[in-house]
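Enquirer: Dropping a structure here in structure tokens format, bear with me for questions.
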Amino acid sequence: ISPVPPYSREQPIFTTRAHVFQIDPSTKKNWVPASKQAVTVSYFYDSTRNSYRIISVDGAKVIINSTITPNMTFTKTSQKFGQWADSRANTVFGLGFPSEQQLTKFAEKFQEVKEAAKLARDRSQEKIETSSNHSQESGRETPSSTRASSVNGTDDEKASHGGSAEAHLKSENDKLKIALAQSSSNVKKWETELQSLRESNARLSTALQESAASIEHWKKQFSACKEENDQLRGKIEELEEQCNEISKEKERNAQLSRRLQELETELQDKELELEELRKQGEIIPELMSECESVSEQLQAAEKKNKDLEEKVRTLRTEVEENKHRQTNLKTELKNFLDVLDGKIDELHDFRQGLSKLGVDN
């Protein structure tokens, strides 16, 4: 059954989504999820009763139906979780929000609705007290004023009209009887309302005491949860350190595996080189025999080279001697040419003398 009738004057004034929890009634310590997923949580205002409620429905099941009173307190227990105690429902509701901003908005709205409920309660009490005082004063004053008027009327009527005094007194008495009946009915009515208010105050004081006891209980639970939270944080830090060490070990293992792969590749290369060396080792005897033949040839070539060097030295000596001879021959040839030039000059002179002799002859 829906907590809000379809034709009710109760209207939603604020809506959000959150995971709903209730305190475990047996242990009063652990949270029990009331919804499998995030559901709609709304503030409703009833204009006829001037009251506020928090309502949440999961499918066809009502999981929150909490009337907000001025004695309630919404407490933030973490960045995304808040709770409040409802003494009428005899439970504690908890809400887990997706973000800290949504939790802050819900808490601010709770405080605003709480202040409005307190203001509405104060106004209703003032109206009740004012109405009670007014009824009591009217009940006290009406008979005296009526008596005064009736006495004055009687005196006047005695002065002016003697026959109509009895009728006027009768009508005044009837009015006094009606006012007295109304006053007595109002007194009974206000006594009933006063008794109901006393009972309501007793219930409220009981709820306040339960709320205070619940607050002390929740303070103890909060301190225990805080200690447990600190221990969990320490464990989380230890686990994070272990995770860091594990990640470092993983990185080292990855480096070692890469190094192992490199070494395996190098080993394969070395095995290939060794196989090639083995193949080459099989042809070493042939190479040795070839090397011996090559060394013999090299010795013969060296011998030939020595002979050739000896011949080269001999040839160089001969070349030097030939150069010396050529130098001598050039000198002698130059001398000869000089002598020949002198002889030619002499022959030329002799010829000129002969030609002169021929001309003369």
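Along the chain as shown, residues are numbered 1 onward.
Cβ coordinates come from backbone N, Cα and C, glycine included.
A TrEMBL annotation is a machine prediction, not a hand-curated record.
Just lifted these from TrEMBL, have a look:
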COILED    173-325  coiled coil
COMPBIAS  117-129  compositional bias 'Basic and acidic residues'
COMPBIAS  130-153  compositional bias 'Polar residues'
DOMAIN    5-117  domain 'WH1'
REGION    117-171  region 'Disordered'
Enquirer: As a quick check of your reading of DSSP, tell me how many residues in the domain 'WH1' (5-117) are helical, how many are strand and how many are coil.
Expert: 18 helix, 54 strand, 41 coil
Enquirer: Please give the average pLDDT for the coiled coil (173-325) in this predicted model.
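Expert: Summing pLDDT over the coiled coil (173-325) and dividing by its length gives 83.
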